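Visitor: First the structure, then my questions, so here it is.
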Amino acid sequence: MHRFAKPSVFLKLTDPLLPWLAGATAILIATGLYFALFASPLDYQQGDTVRIMYLHVPAAWMGLFCYVGMAICGAMSLIWKHPLADICARATAPIGATFTALCLITGSLWGEPMWGTWWVWDARLTSMLILLFLYLGYIALVNAFDDPERGSKAGSALALVGAINVPIVKFSVDWWNTLHQPASIVRMDGPSVDPSMQLPLALMILGFTCYYFVLLILRVRLELNERRIRALQLSGMFDERSDQEAEKANSYDAGHNAEASQ
Amino acid sequence: MNGFLAILQRDLRLALRQGADSVMVVAFFIVTTTLFPFGVGPEANILARIASGVIWVSALLAAMLSLERVFQTDYEDGTLELLTLSPVSLELLVLGKVLAHWLTTGLPLIIAAPLMAVMLNMDQNGFVTLMIAMLLGTPALSLIGAIGAALILGARRGGVLVSLLVLPLYIPVLIFGAGAVEAALLGISATAQLQIMGAILLITLAATPFATAHAVRQAME
């Protein structure tokens, strides 16, 4: 694993991977959307609104997935001090925050016709909202320092402390008996969702996951390129200055020599 | 252990000689609580209904506002650097500073809480539970908050940032703290909530000094 932690190796590896991932994302989400919007049955109670599920559940899954990824990256950057782990954690945070916000918004749109309210202070909803706050806190903390290195380290510690919320979100519907329905996909005795709905759901979840990796690779490459530009600019500045200094020194030497020779 | 006592003594002495800090926290707590009757109206039964939640939220905010002084002044004048270099384990020193913070902010809040409960017309059978819950809850607030206080050392706009970092982590204490008082008011035993609060206190006591010390060391690098 440590071999892959070098930025150059990362770029070389992800270059051929990126078009495949992007293609897989497009195909999975396109077929997933087709099944979700046209080729899946209506819910006998909810009618067409059940189709919100095909966006809501994958977004919720990605919100948690990204946070776990961020916490793992944070742990890796604290333990092995990999610069790439820092960059991955930083790049993941806004993506995860967006998915979490998307989950809350679609959930709210789904809740209005079904529960008759945009928002309830239900355990699952509240813990998901806290997850969004944790993301925002992480992003704010990482960007609050003049030294980006220090920001990443503080962020890694915060990501690990906040990871305690992830099991709370997952099990909140089992621990508290609330309005949000209990776990129906990842549970001990198999999913309770109808098979005809499982297919589009699985396609969408896979598609969202691929989409995350595409975004992650793009964002990490952006950050690496930005760093390289900064390094080049800095070295360029020093080169210029050293050139000028060398010139000055030369002219001084020349003048001095000329004086001496007179 | 000597280092722990020494830092505790030093922080307490500083807090007592400067004085105003502890008073300010209690004043903030009282003023914030006083705002609610203006906001929701002075009907006695509504105030009695929301009293436990209002007191807990105000206490949370007061505890959070005072977090900055746990490490900030020591960070600015270089004391913290000497503390990290000292042979005494930093975790122990952090624990001493947190205990000093709790004694100068958490304890005055616990004493002020029944006063505000009376003013908000809370039923009397909730008072003892409120104080026990705060006795278990406020040390946990100081312990959790110290992580945030250490993480923001050297950050721009640290004061605003700490609220974003710390308040989401305060929510469990708030839920069970207010829940315990609520149960007592309804005449149900609050033992379960108080036991969970005790568990939260023990977990934070065991885990947070390491996280805080780690964050302090990072700030010193």
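Positions of Cβ are set from backbone N, Cα and C atoms, glycine also.
Feature annotation from TrEMBL assigns transmembrane segment to B:20-40, B:46-67, B:99-120, B:126-153, B:160-188, B:194-216.
Help me picture where these features are in the structure shown.
Guide: Sequence-distant contacts of the transmembrane segment (B:20-40) (same chain, six or more residues past either end, CB-CB distance under 8 Å): 46-47, 50, 54-55, 58-59, 61-63, 65-66, 69, 104-105, 108-109, 112, 115-116, 119-120.
Sequence-distant contacts of the transmembrane segment (B:46-67) (same chain, six or more residues past either end, CB-CB distance under 8 Å): 21, 24-26, 28-29, 32-33, 36-37, 40, 101, 104-106, 109, 113, 116-117, 120-123, 126, 130, 134, 137-138, 141-142, 145-146, 148-149, 162-163, 166-167, 170, 173-174, 177-178, 181-182, 185.
Non-local neighbours of the transmembrane segment (B:99-120) in the same chain are 7-8, 11-12, 15, 21-22, 25-26, 29-30, 33-34, 36-37, 47-48, 50-52, 54-55, 58-59, 62-63, 66-67, 69-70, 126-127, 130-131, 134-135, 138-139, 141-142, 145-146; each lies 6+ residues outside the stretch with a CB under 8 Å from one of its CB atoms.
Among residues of the same chain six or more beyond the transmembrane segment (B:194-216), those with a C-beta under 8 A of the stretch's C-beta atoms are 71, 80, 84, 89-95, 98, 129, 132-133, 136-137, 139-140, 143-144, 146-147, 149-151, 153, 172-173, 176-177, 180.
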